[in-house]
Amino acid sequence: MLTKSRKYFNQTWIESLFKQTTALFALLVFILLAAILISLVIGSWESIKRFGGSFLLETYWDPVQEQYGAIIPILGTLITAGIALFIAVPISFGIAIFLTELAPNWLKRPISIAIEMLAAIPSIIYGMWGLFVFVPLFQEHIQPVLIDNLGNLPGLELFFSGVPFGVGLFTAGLVLAIMIIPFIASVMRDVFSIVPPMLKEGAYGLGATTWEVVRQVIVPHTRIGLVGSVMLGLGRALGETMAITFIIGNSFQLPNSLFSPSTSIASAIANEFNEAGGLQKSALMELGLLLFVITTMVLILSRLMITKMQQTKGK
């Protein structure tokens, strides 16, 4: 009897310890988020007091005069991420559809391995590749052609004009697109693979083409997962540092076209934080706080979109 009582006590104690330990690990996530946010606010407080809301709108970044504004890094971050998504999403969609619907079995695994290898390449390698391969190629061959043919067209001069530097927003966005394609394509492939085969077979049995099955069966059934994959790619694009630092140009000048050198929040921090002090360091911390807020807003927006889609699907 005593042995059973002791065994029951040990099981109860172990169960209680297990629950409390796992709860502590879960709570650790919130503690880390709060610690990061608090440290960013404390570090940027001097800049917040000095510049207030004007920090978000001013274009200057002058360490000598101690005048700082964040609009150029913010624009650089958003523009490069937008270019990357504009290029990466349709390509990733095509890769995922090919792997799940069209590719023969012997070809699926090699392509999947290649995608995983692309995702595993360090970002600094992408940056070096972009700097030594893409930048000269764009400067000498691609940008001059685009400027000559599109730079004078009404409505397009804002995008394809200026001097062909090679480095700049467009090159950075293109390399960033190559970097996020493996992540988006992998998630889309997994999402498409969970579509019930009966739905697709029924559509094919009614005479639907592959395009019609994709448009009318696969996409409606997986649109929630598609939004999640795009938001994953956007989060990856917003926070990229090393590759962008190599090829964006690192210029605190308001861009007048997609070919203009610029900077992003992450690249500005990486370039200047090591030698910064005083107000400049606080301004860089505020840039980090802004990036934290932007990524959080993207996450919240994605959750709201997914919730909305789930509610619509349930009706």
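Keep in mind that glycine also has a Cβ here, set from the backbone N, Cα and C atoms.
Under the topological domain names given by Swiss-Prot, Ser54 lies on the same membrane side as Leu156.
Shown for the topological domain 'Cytoplasmic' (99-117): DSSP residue counts in helix, strand and coil, namely 17 helix, 0 strand, 2 coil. If you take every residue in the topological domain 'Cytoplasmic' (303-315) and average the pLDDT, you get 67.
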